[in-house]
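Below is one structure, written out as structure tokens, with a few remarks after it.
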């Protein structure tokens, strides 16, 4: 049996570019860089404001800080590498760097999904059981939830790169995105990927899928409690406390579902669609989340204006 060559044992991958627009990549990176700067500034401002404002030291805003930190980490794990590709034509990414980036993207997405579920539970307890809210969701309980969310993301998605590690890559090395995703890398392997497919689908269903179902269930119970109120003004006032969280949930799950659909059914679509959906998935939540909570929360608005 011939031994595999070194490129098969430790391959490198080629990040995707838009055919015909290679010369304009440096200009296309400008809006991407602007979005990244906006994401860093917005999420950094949320972390700073909650740190400096004692009245915001409550579970809801601690969860918001977790969300901001996750978005910062997720954007930083991908966007600088994309910009180096667009500006310096660094298209090649090593196998180890690709697996690390892939793990960070999936694990941090799982942690963000868990935090969104915890925020939905926080809204449910605050509206449906207001007298028990302070006793149930203490600061210590909030910290434990954050640790559980982190452990859940790591434990569920650490096997993904480990399953890809022994696979040979002897064909095309061209990815569909400007960063590494599990489905994308897995499709380039020239071996049986059934275990990786099954585990990846199972992990996504048990984490993001289950979280989405539980978030919907939480809001059904909240809606049921709100409809019991007699006055429409009171109903709107109570439910308006959930609007920001609903927008954040949509900003996370809609790009996630869109990217999954493109991977599953859009193999014949133009490369521009894949690259655009990937960038939206990475940057839209990170850019929109601080804007949504900044607009909806007067304490954050006042503190940011005072800092400015």
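Backbone N, Cα and C define each Cβ position, glycine as well.
Annotated in TrEMBL:
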- 27-49: transmembrane segment (TRANSMEM)
- 42-293: domain 'G-protein coupled receptors family 1 profile' (DOMAIN)
- 61-87: transmembrane segment (TRANSMEM)
- 154-176: transmembrane segment (TRANSMEM)
- 196-222: transmembrane segment (TRANSMEM)
- 243-266: transmembrane segment (TRANSMEM)
- 272-295: transmembrane segment (TRANSMEM)
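Across the residues of the domain 'G-protein coupled receptors family 1 profile' (42-293), the predicted structure has a mean pLDDT of 90. Beyond the transmembrane segment (154-176), the same-chain residues lying 6 or more positions past its ends with a Cβ under 8 Å from any Cβ of the stretch are 4, 8-9, 11-16, 95, 99-100, 102-103, 106-107, 110, 182, 184-186, 188-191, 193, 195-196, 199-200, 203, 206-207, 263, 271, 274-275, 278. Beyond the transmembrane segment (196-222), the same-chain residues lying 6 or more positions past its ends with a Cβ under 8 Å from any Cβ of the stretch are 106, 109-110, 113-114, 116-117, 120-121, 123-124, 127-128, 152-153, 156-157, 159-160, 163-164, 167, 182-183, 186, 189, 239, 242, 246, 249, 253, 256, 260.
Tertiary proximity for the transmembrane segment (61-87) is limited to same-chain residues at least six positions away from its ends with a CB under 8 Å from its CB atoms, namely 15, 17, 25-26, 28-29, 32-33, 36, 39-40, 43-44, 46-47, 50-51, 93, 101, 104-105, 108-109, 111-112, 115-116, 118-119, 122, 139, 142-143, 145-146, 149, 178-179, 248, 279, 282-283, 285-286, 289-290, 293.
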